[in-house]
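The block underneath contains the structure these notes are about, expressed in structure tokens.
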Amino acid sequence: MKHLTGIGDLDRASAIELLDTSTRMVATQERQMRKLPTLVGTTVVNLFMEDSTRTRISFEAAAKRLSADVINFSAKGSSISKGESLKDTALTLRAMGADAVVVRAPASGAAHKLAHSGWIDVPIVNAGDGTHQHPTQALLDSFTLRRHLGGEQRDGERAGSVDGQGLDGLHVVIVGDIMHSRVARSNVQLMTLLGARVTLVAPPSLVPVGADVWPCDVLYDLDEAIALAPDAVMMLRVQRERMLGGGYFPSAAEYTRRLQLTQERADRLPAHAIVMHPGPMNRGFEIAGGVADGPRSVIVEQVAAGVSVRMAVLFHLLASNAREES
Amino acid sequence: MTPTTASTTASAADAAATGADRAAAPALLIRGGRPYGEDVADVLVEDGTISAVGPDLSAPEGAEIVDAEGCIVLPGLVDLHTHLREPGGEEAETVETGTRAAARGGFTAVHAMANTTPVADTAGVVEQVLQRGEDAAWCAVHPIGAVTVGLGGERLAELDAMAGSRARVRVFSDDGKCVSDPVLMRRALEYVKTFDGVIAQHAQDPRLTEGAQMHEGRVSAEIGLTGWPSVAEESIIARDVLLAEHVGSRLHVCHLSTAGSVEIVRWAKQRGVDVTAEVTPHHLLLTDEEARGYDAVYKVNPPLRTRADVEAVREGLADGTIDIVATDHAPHPADAKDREWDTAAFGMTGLETALGIVQQTMVDTGTLTWRDVARVLSETPARIARDLDQGRPLAAGEVAHVLVWDPRPAAEVDPEEHASRGRNSPVAGRTLPGRNRLTLLAGRPTVRDSRLAEH
Amino acid sequence: MTADRPGPAAPGGEKTVLSEDDISRSLTRIAHEIIETGHGADDLVLLGIPHRGVPLARRIAATIAEAEGAERDPDSLAGALDITLYRDDLRRSPARLPHPTHIPSGGIDGKVVVLVDDVLYSGRTVRAALDALSAIGRPAVVRLAVLVDRGHRELPIRADHVGKNLPTSRSERVGVLLTETDGEDAVRISRPDATEDEEARR
């Protein structure tokens, strides 16, 4: 694995390796001294051409815990906002001696472009590109799923190592704006790669034309999906601005009536089922506040897992990148 | 407004471009070639005119003899859809470089689209483009006039003034933008009847394609680029053929790209609508799968479609539903393409690879004969544009716009070798058949063995 | 301590230098040496360095537990300390997956920690292990036990307990096989042929 631009860069074995390494990283974060010397002397650039404080901080923490130097290059106030192209930015980063670039961009394919255009020859990590992919989010989601629902069932509790395991046999329902969601695309790919069954739920106007060949089912009705007794439900953020110009659905009230994960709907889930959300949430819109804070919710854990998963990704990309060093 | 002479003859523009050289050009005998890919016949060119076609012609004294054994002899190709970018876009292309590219592609005439800066919406601009073409003298340049002022889609440009100018404009198009207002489209279709003009419509519903980046389908869904539905093209074509029928006008559909569009045009022709349609070489060859690598060289308007669409446009071209192949040659500076897909420019070069692609996709597959190629790449485009001395038969007495094409060699496409300023060829690195053995513009060689013959 | 020096292995050949019984005897001796250092088993933690140090630590712990009486559970005595994330050569050689680290429930603060590995060579692994250890706690004493010391140290590190000193040339390979990881107990020395040797150095 030279880059992580999308789940397509992974096969099942390498995805499981990343999850296993993430488990190791979680363990290191429970030590007295959380900083690891692993990437000392390397420079990781966070190139954020789109605002995303959460993801940037998560990557920054991951890199710093591994002792890498971190340079944050954000769109606001930088040359990017003055019209500098991605290419020129890449050439700048190369000149600055970046060893890896974490990129978040509004354009689908920006990470792929950085990885394969020849502008810069270092590992590229996609931190979200347009409506295409967000592979580290998918990895942390699968990590959280595996942690909660993997392992062996012992005395009603799950226990034992989940190392080497996929998500075989699990059923995950992903609900919301599928069309504009890079999280959904990455998750459908990764979860099915790991053996899970995925059901998408969205109003038909928010299901992309051409999704009929995705390896998942598509439903329009959340209640129908809940009746399938899934092991996990992931709610996606609804970008309210999509209601206005796009007219993807008539009103917030109509959306929440049909697709909000209410307490009543959550109560109909199987006892072991967990509730996920990649954040940021619109409480009271796609998810009821009580459900987000309730016992099924693993939303805060997802955030914590994010740092460990991103440490694992940086470790694999930078430490495995054997170079000609004299 | 430029004064115009209504009596300007049809061939004057071409004659002006080439006439000065006619007398000077020595006689030339094309020996052993196969006109239209049929029986072997020699072609003798004297004083810029084909003086004889037949077996075993003897060369007049001092005549140059070109060995065309194994080659196909065709009337010079005519492109109905070329972006020469001048004025205003000289970084991408000029009339000089664009017509050099045309000559290398075997073309003896191109129709220069109106989306320049300033827009070719007045007699002054179209005459300027005409003049630049005459100065360059690599092929005839026929300016296309804008339908609406500034391509704004709000009010008609002075179509009659352009038609009556020295450029003798007959084809009008807002290409790059769709004349989406149905009333305006109706008026334009009606108005050009005055001078037997034609509206060449860029069929793209603007609302259905807001922010669109590529064909809407399985690939766009997966790679997360905003989709460009086939229906955005088809709905405009359906509306336009009905409008053309209603007002009894001529309609030309630019760069048709979907299976549904082929069906609609087929249906319209059966109803007797006076509609013609074009397909580009790239839509005959490439599909939306090319977008997967986010290489913006494959970003084009209309977008590359699916394999089924490619099959449908090939079939439509074979059965005559689609009348012509036109390049939509759209050169861009490297920077406009070497960037994120979303912000990259639409368009591909095409002049220098068009016939190779048509040979590969249509002739070598047994779908079209070389006589069909002459029809779709020379005769019919000339007829649609009312170019009177182009796309003429290879016969004694005709102006000698001739292409000698050797279909046997194959070569890898290297855009660095192209005469076009644009390097954005979607077939770079692919192997295409055929070689431009000789191109004659009114009897004067513009290309020999795929190299430009400087004059 | 055995002092007999094995003859060099023939190029491409392989020679067994410790048998199953030799390994068993060596580990038993190391276990008794550790007990004899005077610290009680209560203060003792054996941390094996993955991959093969982990079963070695467990075996030594079992011997010590047996010697000290049945109250002591070997699992509370032995653990695993992964050093992958503390290596200083990660960017030179392909990444390997980090192995789990397992610290016995009593922790390591104030304890006598014995690091256990199969082969002591350059000493870099031990240096990384010391760094890893300091992130977890502050032991009173850290000792080192290895099954084989093959020489060629690159750092000022020495083992407190050695199963066998095995003088080698750099071109030779020392292979430790354990039942838990490899299905048999043996230590073998092999000398790759010249071309492999070159590659190994590169």
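Quick reminder: no glycine exception, Cβ is built from N, Cα and C everywhere.
Taken from TrEMBL, the feature carbamoyl phosphate binding site applies to A:R54, A:T55, A:R104, A:H134, A:Q137, A:G279, A:P280. According to TrEMBL, the L-aspartate binding site annotation covers A:K82, A:R182, A:R237. TrEMBL lists A:2-146 with the feature domain 'Aspartate/ornithine carbamoyltransferase carbamoyl-P binding'. According to TrEMBL, the domain 'Aspartate/ornithine carbamoyltransferase Asp/Orn-binding' annotation covers A:168-316.
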> Does A:G279 (carbamoyl phosphate binding site) have same-chain partners at least 6 apart in sequence with Cβ under 8 Å from its own Cβ, and which are they?
Replying inline: A:R54, A:R237, A:I299, A:Q302, A:V303
>> Between all pairs in A:R54, A:T55, A:R104, A:H134, A:Q137, A:G279, A:P280 (listed as carbamoyl phosphate binders), what's the biggest Cα distance, rounded to the nearest Å?
In response: 16
> Around the carbamoyl phosphate site recorded as A:R54, A:T55, A:R104, A:H134, A:Q137, A:G279, A:P280, what other same-chain residues have a C-beta within 8 angstroms of the site's C-beta center?
Replying inline: A:S52, A:S58, A:A127, A:G128, A:V183, A:P278
> How many whole Å apart are the CA atoms of A:H134 (carbamoyl phosphate binding site) and A:R182 (L-aspartate binding site)?
Replying inline: 6
> Near chain B: which of the binding-site residues A:R54, A:R104, A:H134, A:R237, A:G279, A:P280 have their Cβ closer than 8 Å to one of its Cβ atoms?
Replying inline: none
> Per 10 Å Cβ neighbour count, which of the binding-site residues A:R54, A:H134, A:R182, A:R237 ranks highest?
Replying inline: A:H134
>> On average, what pLDDT score does this prediction assign to the domain 'Aspartate/ornithine carbamoyltransferase Asp/Orn-binding' (A:168-316)?
In response: 94
>> Please count the residues of the domain 'Aspartate/ornithine carbamoyltransferase carbamoyl-P binding' (A:2-146) that DSSP assigns to helix (H, G, I), strand (E, B) and coil.
In response: 62 helix, 26 strand, 57 coil
> Taking the Cα atoms as reference points, how far is A:R104 (carbamoyl phosphate binding site) from A:R182 (L-aspartate binding site) in Å?
Replying inline: 12
> Just the number: how many Å between the Cα atoms of A:P280 (carbamoyl phosphate binding site) and A:R182 (L-aspartate binding site)?
Replying inline: 14
> If you draw a 10 Å sphere on the Cβ of A:T55 (carbamoyl phosphate binding site), how many other Cβ atoms land inside?
Replying inline: 23
> A:P280 (carbamoyl phosphate binding site) has how many other Cβ neighbours within 10 Å of its own Cβ?
Replying inline: 10
>> DSSP on the domain 'Aspartate/ornithine carbamoyltransferase Asp/Orn-binding' (A:168-316): how many residues come out helix, how many strand, how many coil?
In response: 62 helix, 24 strand, 63 coil
> How many Å lie between the Cα of A:Q137 (carbamoyl phosphate binding site) and the Cα of A:R182 (L-aspartate binding site)?
Replying inline: 9
>> Roughly how many Å lie between the Cα atoms of A:T55 (carbamoyl phosphate binding site) and A:R182 (L-aspartate binding site), rounded to a whole value?
In response: 14
